[in-house]
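Asks: Below is the structure I would like to discuss, written out as structure tokens.
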Amino acid sequence: MDAGLLEQMLLGALLGLSVYLPLRCGQLSLATPGFFAIGGTVAALLSTRVPALAGSGSTYPITSVLLEMALAALLTGVLALGLGRVVLRLRGIYLAIATIALVEILRVVTLNLEFTGGALGIFGIPQPFNSAAGYAAFTLALLALICWLCDRLEKTRPGRAMAAIRDDELAAASQGINTADTKLLAFVLSALVAGITGVVAAHFLNSWNAKLGNFDASITTLAFVVFGGSRTWLGPVFGGLLLTALPELLRPVGDLRLIVFGAVILVGPLFFPQGVITPELFKWFKPRIGGITTAAAQGVKQ
Amino acid sequence: MNLLQLEDVGVRFGGLRALQGVDLEVKQGEIFGLLGPNGAGKTTLFNVISGLTAPSSGTVRWRGASLAGLSSHRIARLGIARTFQNLRLFSSMSCLENVLVGMHQHARQPPLAALLQTQSFRRRESQLQQEALALLDLFQLEATAHQDAASLSYGDRRRLEMARALASRPQLLLLDEPAAGMNPSEKDELRELIRRIRDQFKLTVLIIEHHVPLMLGLCDRLAVLNFGQRIALGSPDQVRRDPAVIEAYLGGGT
Ligand SMILES: Nc1ncnc2c1ncn2[C@@H]1O[C@H](COP(=O)(O)OP(=O)(O)O)[C@@H](O)[C@H]1O
Ligand SMILES: [Mg+2]
């Protein structure tokens with residue numbers, strides 16, 4: 001497989017996880033592309049304007065990328081903390097609309113700011129890796145780390161509280177769960193994942209502009225989770241990988257590919273209303289494969 | 001001091017007075033019953049106590065301190081747990097997980113230990129799991145521990161709600177029609193069970209139930225609500241003979 005496509009798929013999986021985190025808590029937030037755009041802008045600005053980060057070698061130092069990631073996480077985290085307190089008072093579709101509005105405001109602001117390069121954006125973002133394979137390896141490690149964190153989250157107290165809120169917020173509050181704080185936690189984690197992903201994407205794409213965090217992106221990333229499922233972290237990872245790859249893999253069939261792509265997104269939820277990857281799937285597989293999936297299935301049940 | 005005290009509590013929904021001028025005192029350790037026809041305001045009273053509905057007037061006191069303005073999770077943390085008349089289980093979770101969520105308040109562990117799954121983390125988790133299983137056992141739900149809560153029979157779901165409420169180690173347990181949908185023998189067992197958990201967990205129980213014989217046999221004291229007002233209060237014997245109660249239940253004049 002083309003390493004460039006693999007890298008895009010891995011970035012898609014990361015964005016899927018970002019949408020998944022609030023959704024697992026029952027919150028339909030579409031703010032992911034906004035925080036993704038912030039992460040990308042942070043990386044683009046720092047790596048092109050701060051000479052100290054460039055290092056002395058021929059490639060851009062990875063430590064500088066990690067530093068950008070830390071700063072992007074800090075910025076998106078603080079922003080999400082503030083915005084989340086306000087928008088998370090909204091429920092269901094109202095939250096979705098408010099977060100879309102946030103993303104649009106951010107896009108328009110970026111578009112009109114001098115230092116973000118306006119409509120053209122920022123070019124010549126330095127490369128920490130010489131090849132797409134290098135990016136893919138780095139992103140795979142990042143994805144593995146975040147999957148592991150999500151897995152631990154799901155199996156512990158805050159994860160159980162999130163699932164309880166999704167099932168019945170009022171009943172969850174009656175068990176002593178601080179629902180506002182728990183939803184805020186999910187929202188902030190979502191923003192961190194999106195922000196960090198934006199940093200990697202900016203280097204990979206070499207240029208960055210306001211279009212990368214728009215309404216279309218909100219819907220596409222949501223499709224990752226709707227298709228893959230939001231009951232376990234495997235769902236959005238699967239959805240992100242597959243739905244990013246599909247348009248590319250379908251390229252040989254020409255214009256038909258968009259129709260096929262649309263059909264897949266449409267048919268997925270029709271036949272798998274919970275998404276393709278559900279805990280029930282593990283139960284079904286368990287007696288057949290045993291061993292490996294047993295641990296995963298127990299994790300889902302715990 | 002009374003464990004729970006309601007002073008002149010009133011609730012309005014638009015023009016409807018769901019509760020008005022309700023005074024009530026619940027003492028530590030008693031099983032206190034709330035009787036009354038449908039729509040009398042019993043569930044609304046529970047909602048006020050548990051912080052889901054703000055009273056339009058009056059005060060609710062817990063160990064003497066007003067609960068005004070406290071959100072429901074704060075009230076739950078004070079030691080007041082409840083079940084819901086129209087069951088509100090976490091339907092995508094197993095029975096065991098439902099009870100584990102009920103333990104939320106005392107299941108806190110250091111985040112780093114949880115991430116790294118340290119030995120002390122795992123020991124504590126399995127302790128909690130054992131505790132949850134013991135609760136399921138108490139309500140004869142041990143066999144369904146790993147089944148989805150949604151797949152249970154109606155009576156089992158009612159018992160699971162009670163197990164989940166107990167999991168928070170409350171001091172006051174509010175039971176909203178726990179026997180609804182149970183058959184007569186299940187109702188008898190439930191009466192014994194409520195007594196047993198009261199003794200075992202040193203609980204105070206406030207219970208709403210329509211089944212009058214069950215209530216008279218179970219409760220230490222009872223209050224009767226009608227059209228949002230307390231029309232009677234006292235021991236089962238006193239309430240049974242109260243003319244206002246007879247009137248409310250049999251529809252006066254006859
Ligand atoms: N959230 C609400 N909004 C409007 N009316 C309500 C609400 N909750 C309860 N009521 C009304 O208040 C009255 C008392 O209801 P409820 O407390 O459920 O009675 P009970 O539990 O004794 O059967 C009923 O007339 C009911 O329709
Ligand atoms: Mg009721």
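Glycine is no exception: its Cβ is also placed from the backbone N, Cα and C atoms.
Those TrEMBL annotations? Automatic predictions, nothing curated.
So TrEMBL lists the following for this protein:
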- A:6-23: transmembrane segment (TRANSMEM)
- A:35-54: transmembrane segment (TRANSMEM)
- A:60-81: transmembrane segment (TRANSMEM)
- A:93-113: transmembrane segment (TRANSMEM)
- A:133-150: transmembrane segment (TRANSMEM)
- A:184-205: transmembrane segment (TRANSMEM)
- A:217-246: transmembrane segment (TRANSMEM)
- A:258-277: transmembrane segment (TRANSMEM)
Asks: Could you check if the transmembrane segment (A:133-150) is in contact with the transmembrane segment (A:258-277), meaning 3+ Cβ pairs under 8 Å among residue pairs at least 6 apart in sequence?
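Replies: When sequence-distant Cβ pairs are counted, the transmembrane segment (A:258-277) does not touch the transmembrane segment (A:133-150), since fewer than 3 lie under 8 Å.
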Asks: Using a Cβ cut-off under 8 Å, which residues of the same chain at least 6 positions beyond either end of the transmembrane segment (A:6-23) come close to it?
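Replies: 29-30, 32-33, 35-36, 132, 135-136, 139-140, 142-143, 146-147, 150, 166, 183, 186-187, 189-191, 193-194, 196-197, 200-201, 204, 221-222, 224-225, 228, 230, 233, 235-237, 239-241, 243-245, 248.
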Asks: Please work out which recorded stretch in A:60-81, A:93-113, A:217-246, A:258-277 has the most C-beta pairs separated by under 8 angstroms from the transmembrane segment (A:184-205)?
Replies: A:60-81
Asks: Which residues of the same chain, at least 6 past either end of the transmembrane segment (A:60-81), have a Cβ under 8 Å from a Cβ in it?
Replies: 31, 35, 38-39, 42-43, 46-47, 53-54, 126-128, 138, 184, 187-188, 190-192, 194-196, 198-200, 203
Asks: Cβ under 8 Å, sequence separation of at least 6 from the ends of the transmembrane segment (A:258-277): give me the contacting residues as numbers and ranges.
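Replies: Residues 223, 225-232, 234-235, 238-239, 243, 246-247, 250.
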Asks: Are there residues at least 6 beyond the ends of the transmembrane segment (A:35-54) whose Cβ is under 8 Å from a Cβ of it, and what are they?
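Replies: Those are 15, 18, 60-61, 64-65, 67-69, 71-72, 75-76, 79-80, 103, 106-107, 110, 115-117, 121-122, 124-126, 190-192, 194-203, 207-208, 210, 212-213, 217, in sequence order.
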